[in-house]
Every structure is written in structure tokens, then in C-alpha cells.
Amino acid sequence: MSGFVVSKPEQSHHRLFDFAKTAIINIFAHPYATVCELYCGGAPETDKWEAAPIGHYIGIDTSSGISSVREAWESQRKNYDVEFFEADPSKDDFEIQLQKKLEQADLVSCWRHLQLCFETEESARRLLTNVACLLKPGGYFFGITPDSSTIWAKYQKNVEAYHNRSGAKPNVFPNYIRSESYMITFELEEEKFPLFGKRYQLKFSGDNASEDHCLVHFPSLIRLAREAGLEFVEIQSLTDFYDDNRAQFASLLMNAGPNFVDPRGKLLPRAFDLLGLYATFIFQKPDPDIEPPLTTPIPFESSNNHDERELPVITVITDASAPAEDPSQGLGKIVEQKGILGPGPADLRFSEAI
């Protein structure tokens, strides 16, 4: 029996996360594509990719995750070729370890581990450099990560409310965020948002264990991606992603479980709260032979401690004369670029770009 037979998750946040992955894969996947999943151990999205149908699947994970996946795969037959490699995308050098796979992937996805790579700048840089090595020119890197703009905004509001209460101690900050659906606890009480290593635990209601994460500082993500040769396309909260694509994905979300949307397909409060905790990110490796590469603005320089309230909007400007994307490549459904640096609440977005 396969170790990753697809079954409908029980918890609401698992079902919503699964819906988001399915929707994003439906947008990007195209026939005969070569797809690479980073940190595929545990539950690779094999059935979602098969519906495309893709032509080749490459799974990469550490030794603890890849062995069980490889064994389980032997009991299944897919309509596309499959390869697994044991490597850590945030530590190992793929130019050395995976020389034969350089510039082979049309798509590279990372669903749950981008935030873990932001423990240090070195690990985040290594991940993005490896992604750039794997992608063909014109290929896309995308996935889902907790929305650090939303998380930090909620935390700041909690701090503000704490200090507005009478009797609050000066220079003391609460270290948690609580909602009906989840609780986030930061390891350190601090007022600033460091670029790397801001650790927290996320525990959903109904779950026994918490998840360890690091906040992803979006300006640093964009900067490191550009240095690795990846151009920023979009970072968008999953609530905005759903609203932009409601006509296409409302029925898919209705099938994911009850009490997520109303009869018109509008998100209900609990689903809005859970989806709003996450964001999707998209980067592209430019193909100079097809069109001029997108211009990614360079985030302004800052100190190592940075309050995300200071983050300006970054607008991505494309060349209007550039040829249109080929919809046969599965990219015609991507909405026009938002140009926002961090998804987060609207009151954290600045009115003008730099």
C-alpha cells in the first residue's frame, strides 16, 4: 500500500491548504512539462500533477523523507516518468550533486518549506540558487508560505492593544497571536521583524502538535531571488488569490468541504481566516531568447532589524511590447500582477511605489 495515497484531510486547514495547492497546480501545469517538487517527502502531489498530464516528475528531499516516498512509489504506476533524489535544497549545492538535472525543469514547486529556509540568509540563498539551477529559462518557481505580512500585522496590533491597557509593563511585549482557528507563539518577545531567524510555532485548533516556522521577510526573498537569477512575479494572499479566481475555483472549494463558502462562492469567516494565513509566491527564470526579462525592483537597503510597517509597495512593470504568454503553456490563467510586496492587510500597504 502506498505511503501517500490521497485521502481527504479531516481538519479544515488541511483541506483548505490542499484546495490551494490543487488550484495553483491547475494554473501552472501543462502537458508534458517537467516538474520538480522540493521537499516532496511525506505527500508528493503526484495525483494533482497527473491530471495535467505532465511528462516528467522529479522529487527532491532529504534522506529522512525520500526513502519512504521512493518505496511507496514502486507500488504505483503513473503516466509520466519519475525520479527521486536525496538532497537538501537549502544546504546542498545542486550544481555539484545534480549536474545532469540542471535547467531541466519547466516548473519547480515548494509547498511547505520555504519558511524553514529563512532560519538563516545562507540557507535561503542556497535554496533559491538551487531553484535557479534546476529551472529552464522561462520556467517558474512557485508555492505557498505563511503570509508574514498578515502574521506580523496581527502581532503588532496585539502589542498595541497590550500597551493600551492600563497597568501594562513598559518594554514588555506579548509573544503570541490567537484566533478562533489557530495560535501563533513567537520564541522571542521583540518589537522588530528581523530579516532571518524569526521563529514561531503555529498550532491549529484541533491539532495536537504545533508546527515550527520562520517568518519570511518578503523584501529579502525578492532580493535573494534576483541575485540567484529569478525575477519576482507575484506574492499574493490566498484570500486575494481565491477572490481573483473565484469563478474558476468556487466549485473546487465547495467540494473540499462544507462551510467554506456561501452559495455565491464567497469565503465564509473561518475559511477567510485560515486562507488569509497563507500566501502564494511566483518567480520566473527569464528567457532572454524569447523576451526581455522582467525588471524586479531592488528592495531598499535596511538594517538587519526591520519593522515591516516600513515596507513600501513594489510595483512590477512589464514591457508592453513584449509578446503575450502562450496559453498552451498553462499560464494564461495567471491574473495580472498585483505588484504588492507583501500580501497582508491593506492598511500596511503604502500608496506609492518607490
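Using N, Cα and C of the backbone, Cβ positions are placed for all residues, glycine too.
Since this is a predicted model, take the numbers as computed values, not measurements.
Taken from Swiss-Prot as is:
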- LYS21, ASP61, ASP88, PRO89: S-adenosyl-L-methionine binding site (BINDING)
- 8-286: domain 'mRNA cap 0 methyltransferase' (DOMAIN)
- LYS48: site 'mRNA cap binding' (SITE)
- TYR278: site 'mRNA cap binding' (SITE)
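Shown here: features listed in Swiss-Prot, placed on the structure.
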{"residue": "LYS21", "record": "S-adenosyl-L-methionine binding site", "Cβ within 10 Å": "19"}
{"residue": "LYS48", "record": "site 'mRNA cap binding'", "Cβ within 10 Å": "18"}
{"residue": "ASP61", "record": "S-adenosyl-L-methionine binding site", "Cβ within 10 Å": "25"}
{"residue": "ASP88", "record": "S-adenosyl-L-methionine binding site", "Cβ within 10 Å": "20"}
{"residue": "PRO89", "record": "S-adenosyl-L-methionine binding site", "Cβ within 10 Å": "25"}
{"residue": "TYR278", "record": "site 'mRNA cap binding'", "Cβ within 10 Å": "20"}
Cα-Cα, LYS48 (site 'mRNA cap binding') versus LYS21 (S-adenosyl-L-methionine binding site), nearest Å, comes out at 9
Rounding to whole Å, the Cα atoms of LYS21 (S-adenosyl-L-methionine binding site) and TYR278 (site 'mRNA cap binding') are apart by 11
ASP88 (S-adenosyl-L-methionine binding site) and TYR278 (site 'mRNA cap binding'), compared by Cα position, are separated in whole Å by 24
